[in-house]
């Protein structure tokens, strides 16, 4: 069987860590590490990498992998008592032996189902029982879909509360030539100003210095335009009302051990997230949060998606 027809391959990655490679018939691909349940690569049909992973990224537990799509759960930054972005990105996930069926994914042959559950060690720092199921799927046209289902399995009757983000690092050619559309006129919390609340005044977000903002009550679709590459990323999100936009710029980049000094020029984080209002689950309740990302030629993108693309992807 030719490698093009192998939709799901289990193999070893950097430092012998287990990973799964997803491939679609048009040569699109994605790679997912069981460490962190983390997507570390997403390539289009031309073999071009669409996600940023730092050349200095550490693939050595317990350090998180710098880049790709880290999963932030059950907290973000210093909103709780745990490590900065929670512990999901620092745990070894398992292949889910009993994944939930999903009618929308029937046409996708390239997918993997992962599961993370509470451990006795984790319960010392976050005293709750949970099941976190993650499906990573690659669509026939190369779209990348992440679906998270988090269930409260506490037996003591207690609810739990969490925040969440898909911390997607997009690879861009030159950050100074990038703009983000879909967040104009919205309120945001500026993490560089102690989380103070402002309203976005610009028609589109552009970048000339460090940015760390949480946009609130955001639309389903956000576009990231890479003018240099004539490429537009479209991010579609469900169950995730907020969007974090982050670039460390030069000074902060130099201060990070696992980030190259000039790599800030080639990345932008746009994160589908739940920040302002945390999610609370009673025992037995389940939350679902989904993100889909596409990379399309900018000529196809306008305020409304080009109808040709809707026909092609229908």
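Using N, Cα and C of the backbone, Cβ positions are placed for all residues, glycine too.
Per TrEMBL, substrate binding site is recorded for 66, 84, 89.
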Which residues, sitting 6 or more apart from residue 89 (substrate binding site) on the same chain, put a CB under 8 Å from its CB? 36, 37, 38, 64, 65, 70, 71, 72
Other C-beta atoms within 10 angstroms of the C-beta of residue 66 (substrate binding site) total 22
